[in-house]
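Peer 1: According to TrEMBL, the protein has these features:
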REPEAT    351-383  repeat 'ANK'
TRANSMEM  477-498  transmembrane segment
DOMAIN    546-753  domain 'Ion transport'
TRANSMEM  557-578  transmembrane segment
TRANSMEM  590-607  transmembrane segment
TRANSMEM  613-631  transmembrane segment
TRANSMEM  652-674  transmembrane segment
TRANSMEM  721-744  transmembrane segment
């Protein structure tokens, strides 16, 4: 086959590198993409096909066609350093192959073929800054790492700090594959006596010889120009500049300063992956070096790397669990945030993630708080529509919320005492790229707080006060909605009752009148009695005549129902138009649609049979009143009771889904035992029909046992046993079990009553605000008067800055509310007062904060006293040492004349 293909190509004069439209690439790439095509690959290579054109090696590797890949690697003209779209070489592709491959032995053999090439760059990073061996370490592929470590032809550099990990490759290998320690090569260290001054400069850095480092940088040649270039690029095995290497090593800030003074460019990016220099500094949390770079003044911290990752994104990630490294990382974040007007805390990367997204997922509490204090918006959504607040810990967010409650310096007992609630963090950022929309809602942050792990924070005075203000702003519209629906339900009920569940066109029969011949034969006493009876029943007759007057009252009720019915339809159509598909995801809307459908049939009933009409009337009354209960249950005072009803109903239905099989079994059993039993003519045998038997059994389950009415004599013995088992399992065990579950659910709801009430209120206010904003937006260009009738439900306009979005509350003036630098909004709320519970909660936070500050002040004073005492002790010890020295000197001085006199006497 191989010889025939080569001969065919030569005979036809076809190029082996030609592109074929059917394959979309060269014939060699197409052959490498399919297994069992090795002969064709070998034939094409013999025919002179280019092994580098269209990257056939990459195609073979992805297809796990290692035979074809081996044939390509054995070609002398194959370029093992060809880079692909991600900046990686064929070595990167082989080392990051999936953990499960079809033939591991062939994969390792291909790796050995690549490593046998003398020109292969084993330390070359890709666009992500990853070396080939690091991919294998990350995937826990010990065999691939061992193959790389055993080769001795290349200078393997394992002491390069890997991006996003904060550790070197050597540290990762020792952590995951300690058994490979004996295969680790020594650290790459350059020679201080090298004839190349750039190599000597690098060696001085590696040996930490600062004096020699300065000397080399300051050295001049015969032309009085610098001997070395501070921006010199070092190829294999470093692939970086000297400045970049110094920034990756902790404790080399003096070397960095010398390089900057010599003219090194801090704004340069890596030639390999385009990573800015500051990112390497933040990878190792090198706080001191970051200070040096920022003080230089040339550093651009807004530069982004691959996937638009900025310096703040990098700093927000906690690189190590070590406390010292975490502290350095936190200080790096604070240092970056201290640069005024140079950094955007809400900048997004390629996935739409902000630095706050990074911090809540991979950072620590201090970093999250630092970003929030700097103005990071917790509501910015990434490409997956997920804001940072969804991933934020409740304890961290609570600590930040405590900081949003402040007060003046007066005592809480004075009339000037003021509480300050700051709401700037709940709004869109001031420098957001997206302009505010006319329908931008202010309730979205609070809706995110309804998550199960965050909902307890709704009790915080900052959030509850904000919710209270929003509720006072929109509650009038909710009350109007309740009144509207209540009148509609009452009118519908009155219409049905006035018609006595019959079509309004049918005439009620008049009550029969006595014959004329009997009318005059009434005795006097009987006439007197009749007079008393008529007087006693006069009110009842008038009430009956009211309900029987179809011509007036029924028509009035019908007209009233029609008017409110069409208003109800318009409301639902508007919501459906605004919400679109979201409308059908709300469960309560299905109840509204059902009410509209049944009501429409009831008020246009002429084409319906009387028997069917009675069923529809009963259903209409039931569902309309149930819907009224659900709507009124959204009120803050009724929401807890509605939650109890929903929770208990849900629990009951969940358990009865399975236990209902027992009720079916007992119902059929009773039907089998008693269906032939005949009762008196006035009574009904419920067990004669299976459906009625089911109804009777459910009634018995609820407690209506009616033991006397059960015909045990029909099937004695068995019927008694079945009934006793039914009473034990159903009436006693199952009923008490459900009662216990209901009590447990009720108790749990009572314990979280405040939280559940706030959650219900948040959803209610958000729904009303969205409806009003949509209505204003849709009517803005068509009806200005309607817009004036519907005020803006938002507390702040779009042009209000974040630092102005706060209120002042005066607790000693009955909770008077004043909006900061916003007279119009203050006038809207001048009649309202802040809730006393919210004021007490905020005051407690301020009191605790002052107590903590007092304790910290006392600790600081004790610390200062201890420092002074230590200094006094040191000074005292110094004085005592001086006195000892003086005493010794005096003793020596006094002993010297005595010795001299003795010598002279001698």
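Glycine residues also receive a Cβ, built from the backbone N, Cα and C atoms like all the rest.
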Peer 1: Quick check for me: are there 3+ Cβ pairs below 8 Å between the transmembrane segment (590-607) and the transmembrane segment (721-744), leaving out pairs under 6 residues apart?
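Peer 2: These two stretches do not touch.
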Peer 1: Given a Cβ distance threshold of under 8 angstroms, which distant residues of the chain, six or more beyond its ends, lie next to the transmembrane segment (477-498)?
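Peer 2: Sequence-remote neighbours of the transmembrane segment (477-498) are 547, 550, 553-554, 557-558, 560-561, 564-565, 567-568, 599, 602-603, 617, 620-621, 624-625, 627-628, 631-632, 634-635, 764, 768, 772.
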Peer 1: What mean pLDDT does the predicted model reach across the repeat 'ANK' (351-383)?
Peer 2: 89
Peer 1: So which residues does the transmembrane segment (721-744) touch in its own chain, when a touch means Cβ under 8 Å and the partner is 6 or more beyond its ends?
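Peer 2: Distant contacts of the transmembrane segment (721-744): 648, 651-652, 655-656, 659, 662-663, 666, 669-670, 673, 700-701, 703, 705, 707, 710, 712.
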Peer 1: In terms of Cβ proximity under 8 Å, which residues at least six beyond the ends of the repeat 'ANK' (351-383) contact it?
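Peer 2: Distal contacts: 307, 310, 312-313, 315-318, 326, 329-330, 333-334, 337, 345, 389, 391-393, 395-397, 399-400, 403, 424-426, 428-430, 432, 444-445, 448, 802.
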Peer 1: How do the residues of the repeat 'ANK' (351-383) split into helix, strand and coil according to DSSP?
Peer 2: 17 helix, 0 strand, 16 coil
